[in-house]
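Novice: The structure under discussion is supplied below as structure tokens; questions concerning it will follow.
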Amino acid sequence: MAAKDISTEVLQNPELYGLRRSHRAAAHQQNYFNDSDDEDDEDNIKQSRRKRMTTIEDDEDEFEDEEGEEDSGEDEDEEDFEEDDDYYGSPIKQNRSKPKSRTKSKSKSKPKSQSEKQSTVKIPTRFSNRQNKTVNYNIDYSDDDLLESEDDYGSEEALSEENVHEASANPQPEDFHGIDIVINHRLKTSLEEGKVLEKTVPDLNNCKENYEFLIKWTDESHLHNTWETYESIGQVRGLKRLDNYCKQFIIEDQQVRLDPYVTAEDIEIMDMERERRLDEFEEFHVPERIIDSQRASLEDGTSQLQYLVKWRRLNYDEATWENATDIVKLAPEQVKHFQNRENSKILPQYSSNYTSQRPRFEKLSVQPPFIKGGELRDFQLTGINWMAFLWSKGDNGILADEMGLGKTVQTVAFISWLIFARRQNGPHIIVVPLSTMPAWLDTFEKWAPDLNCICYMGNQKSRDTIREYEFYTNPRAKGKKTMKFNVLLTTYEYILKDRAELGSIKWQFMAVDEAHRLKNAESSLYESLNSFKVANRMLITGTPLQNNIKELAALVNFLMPGRFTIDQEIDFENQDEEQEEYIHDLHRRIQPFILRRLKKDVEKSLPSKTERILRVELSDVQTEYYKNILTKNYSALTAGAKGGHFSLLNIMNELKKASNHPYLFDNAEERVLQKFGDGKMTRENVLRGLIMSSGKMVLLDQLLTRLKKDGHRVLIFSQMVRMLDILGDYLSIKGINFQRLDGTVPSAQRRISIDHFNSPDSNDFVFLLSTRAGGLGINLMTADTVVIFDSDWNPQADLQAMARAHRIGQKNHVMVYRLVSKDTVEEEVLERARKKMILEYAIISLGVTDGNKYTKKNEPNAGELSAILKFGAGNMFTATDNQKKLEDLNLDDVLNHAEDHVTTPDLGESHLGGEEFLKQFEVTDYKADIDWDDIIPEEELKKLQDEEQKRKDEEYVKEQLEMMNRRDNALKKIKNSVNGDGTAANSDSDDDSTSRSSRRRARANDMDSIGESEVRALYKAILKFGNLKEILDELIADGTLPVKSFEKYGETYDEMMEAAKDCVHEEEKNRKEILEKLEKHATAYRAKLKSGEIKAENQPKDNPLTRLSLKKREKKAVLFNFKGVKSLNAESLLSRVEDLKYLKNLINSNYKDDPLKFSLGNNTPKPVQNWSSNWTKEEDEKLLIGVFKYGYGSWTQIRDDPFLGITDKIFLNEVHNPVAKKSASSSDTTPTPSKKGKGITGSSKKVPGAIHLGRRVDYLLSFLRGGLNTKSPSADIGSKKLPTGPSKKRQRKPANHSKSMTPEITSSEPANGPPSKRMKALPKGPAALINNTRLSPNSPTPPLKSKVSRDNGTRQSSNPSSGSAHEKEYDSMDEEDCRHTMSAIRTSLKRLRRGGKSLDRKEWAKILKTELTTIGNHIESQKGSSRKASPEKYRKHLWSYSANFWPADVKSTKLMAMYDKITESQKK
């Protein structure tokens, strides 16, 4: 559509009509405004109370300043419940420097932006907007991401194309002065109270004219925020942020306020949100910690004491240097704490060293004076004594007190005992979940204020800052560094991310909170923590074990490796004397190392807790969904336990959704509104639909009304994030104040929400939590009522949730309401959970703190699922009046008929009364031996069976038709090939296309069917691991290869390798024939040259000699097609298998017990040149060990392996300099600092990267096998000075040893790409001309003094000091033209290249003089043959080209001078 066809109104309102400019990134819907996004003023920003932070997508990857893959390269097989915050963040600023010395009096350290901290005013809506979102029905396993990216504290800001262009065209200074955040606004004091402005919606110009703005500047902290007018700000960077702020906070705010449909309650919510936002910014003015101090020189020659200040709720990377005088006035207590830390006598360097025997245990009968901040209870003092007793014996243990008994306080107090009573000053490390980090910090501040405890979290820059300023007292010391802190508090994620840094420290004590996370001995977290050098370990968990004996073995083995053997499972369904004896023996062995106390035993003052199950009918809509789910999955249900586990589990999840709320299904809301409100989206209809469509919501609505009236405060737990969204909509429409916490809420906002809810004057009535994210160590005891909206498979998760309110410090009786839908799977799940709890506590009574050992998984197996699904299903097919019951529901009746549910039996640690206790809870199992045919009514059953039979008949007919079609197609192809008719082959393609999808499905299910995807996976695996015959089962198990039969993969592997050999053999044969033919022509041509029939100066460029030379140096990848996959590299396959086989044999035969001891011995490979890290022979050995361990191309794993020790010497994610890339194509000169954008600068990219590592490994493998001359390794490609020297002739290798030009794994280009593209990257130097052999990629063409680097695409001179004239000549010369011109005297060039090491000095001088004369004479005869350059200029080009063959580095001008001198002497 042309612009003229668009109306003026549309053009003036592009956001309203969905228009955007083509050169801009598409606007993304955002829930909260982030005014740092100054480059996209067309965003239509949506408000939502559910999301506190902005989702930011950084489209400019080259400006990313994070640690790289992230976290994408991190292992994620053991993930956390609450730490998946990757999508939340703050903008990144370019050229930000770390905190360092400043010379200005004010704070000039570049703080990182806090734009994401700006949660905006909520624009109230009159109806739900949930249908506009992508629905997420998943149970809240998003919290299960162990790798929570705490970079959400401060992530990247998406930079617009305009800003990128501006940044590259006009580089900003290190600390530019610009707008970081616009915080607030007010009317100018010169105006009246805005009588007119308040009644109209201002435009952007009015906002600029009439308001002042509170600005946070980019180069200063929030302490230096200033009020500015638009005119006083001037033209500074970030001015567009001011425009965005005006649109969002003034214009849109006024539009909402003037909307006649907006209620007073909505405006009140907006005002409260604005106040909350401003209160949050006030927090950024408060110093939280003083990190360091310095004496800075000012411009007037004086000096000033400055403090490096970390601000409250901001990360370490936003710390700034401030005038100490100002900070002393602002935060004197923090200054005192800093001084105390600087003068501390409990630094780790002052620790006592108990080498032989530790001091004997001395019981603490009273609370020692160094445990401050409160009074320990007797059982807590007992816990400290128990931990001290274990330490004295050198043992480790599990603190398994029930939730809410103060395990955190006991651990902190024990660390204080270690430091003050045993002089074990640290460093100690505590690993905790993200959600509990604030609670741990508060506990240290209260109970151990004298300890230096640092919180190790945040983005990469924050952690770098922590390591630089908080880790060592002497960070710049070359020798041993001394630790500065006593305790390091961190999360699981950073154990994995910074395993190398943290794992290199010797820790005196390690505590792991929520230690059931270590139940999987194969997880990356377990492996990482187990590799730490720790003197003592303590595991902390309120739910010691949740599944089986194997998990108990993992925990015990983590504490005391090899001390216990626990391998026998326990079956409580079939108990016998032998098993009972085993339990008692297990109890006896483990009892000393596990301390487990229950609240009922040790805390008599704790208020009671009552749990009630409230059963409610399904609504008509829910019943319809429930019934449809059962009938539409008839075939899967009838398979029962014989069927697939996952299919039944999916049905179970769908039924649980139907039991909760129909809005969890697509398009359900529209149907409900049609029923309850004639389809009208009014506020009343939306609220009525939300409530009346779900039985639980009807009950919850009445329950919350009653609870609020009685002054209670409520925690509502659900497993489903989407259910929390629905509850949030309900509370918002009802005008109920609430907080929310789930895996999508970033850490900073979590703490704010918890503190806001717990504050004495809080007006929050409800806290919405996901069962998992909200069930880990959070203290919400200001609430006295818990509502479990839907029960978890694992009863421990619900117990964790209840313990948020029922814990020490709670003063009120705690009521727990568990909502259950009648006659649904929820009732049976609850019953089975009840049995699990009874058994668990029975086992605890025997001393074995294992939970659900009778099942191997929390989730039931297929047989159990089938039984659970049948429960209550029959009632779904009978007519009911549930909807009428819901409309007439009486809360008192429901409460009177509620069932009391005991989740914490009155048993404790007593060994008495076990049998009697179990008898009290005997339950009658629901017999699930009936059939689905008995559940579903006969009429519907007959209909389902008819449909099922019809479907089977159709499938049979379809299969027969497909067979006939394939037979017909085969006959037609044979017929067409015989008749020579190629056009008819595709005549029936339309008919055939209908069966392709079914054939693909059939192949996917066929274990012996190998398709293109399997072939590609196999090809990549060969390039990575070499010979796969012995590891096929491992590759299939870990997902590297799709699941197919071993035998078929073995056959395919043999076929692929055979095809590769045949392809190489054929290529060799063809090449040999062509070379023989060209050699004959070249011989005849040489004869003509010798006889004078053809003059050397008149010979054409395209002559037989040139063609032969080009063919000899030609190097193209040998590609072949295999089973539909095109362009597989034959040479790479063959050579990789041989190389890796040689490496494996070498290490296994000599270093099988410890591969890390592998050594190159006396063989010294050629050193690398100009790599960014100090790369020696030792690093080469570690690199080969890494390839042996992880496979070729697994650079990330090799880099991250702390045992290899090359973590900081590999740079895989450095960003290329886009300016350098652009200029490299037009510049052949040596990069100089004065020429911006020419070549590669030292800051553009660090090496080695993936490509360099691949080439280095290729060289090392060939070096080991004796296939490379050590004088010219390929690993030096990419260095700024390439070695020159004589290069041996190499005979062409056999086919199975040759290699392709492009290393497939290491290069960013695909391995099977077109060969022509790879050939373009080859250097076109004279070495290829003079070499009579076909070159291997491991033996590159002898490098020119200025050649193209395949690593970065720029030309790099071997002689940086060469004159500018020579560089200019080489810039303009046509190297290809020079090569053709000089090809006639290739013998002389070749003789020069060979050098004269074995010759007498005089003899060599004579040869040099002869060959130089020959070259010079030829140049003189050819200098006028160029059409592009003048004779004199072309003469310089030819000499410059010839200088590359001189055996030493020499300028072409010197060669010209030498030739002129020889010529003059000859004339005389």
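Positions of Cβ are set from backbone N, Cα and C atoms, glycine also.
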Novice: Swiss-Prot tags one of Ser605, Ser989, Ser1244, Ser1308 as phosphoserine; which one?
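Specialist: According to Swiss-Prot, the phosphoserine annotation belongs to Ser989.
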Novice: To which residue among Ser297, Ser356, Ser910, Ser987 does Swiss-Prot attach the annotation phosphoserine?
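Specialist: So the answer, going by Swiss-Prot, is Ser987.
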Novice: Test of record reading: of Ser36, Ser128, Ser462, Ser608, which one does Swiss-Prot tag as phosphoserine?
Specialist: Ser36
Novice: So one of Ser72, Ser115 should carry the feature phosphoserine according to Swiss-Prot; which one?
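Specialist: Per Swiss-Prot, the residue annotated as phosphoserine is Ser72.
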Novice: If you check Swiss-Prot for ubiquitin cross-link, which of Lys393, Lys1144, Lys1409 comes up?
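Specialist: Going through Lys393, Lys1144, Lys1409 one by one, Swiss-Prot annotates Lys1144 as ubiquitin cross-link.
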Novice: Can you say which of 513-516, 897-900, 973-976 is given as motif 'DEAH box' in Swiss-Prot?
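Specialist: Of the candidate stretches, Swiss-Prot labels 513-516 as motif 'DEAH box'.
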Novice: I'd like to know which of these binding-site residues, Met403, Leu405, is least surrounded, judged by other CB atoms within 10 A.
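Specialist: Counting other Cβ atoms within 10 Å of each of the binding-site residues Met403, Leu405 gives the minimum at Met403.
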Novice: Provide the number of Cβ atoms within 10 Å of the Cβ of Asp401 (ATP binding site), excluding the reference atom itself.
Specialist: 22
Novice: Mind tallying the domain 'Chromo 2' (285-350) by DSSP state, helix then strand then coil?
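Specialist: Its residues fall into 24 helix, 24 strand, 18 coil.
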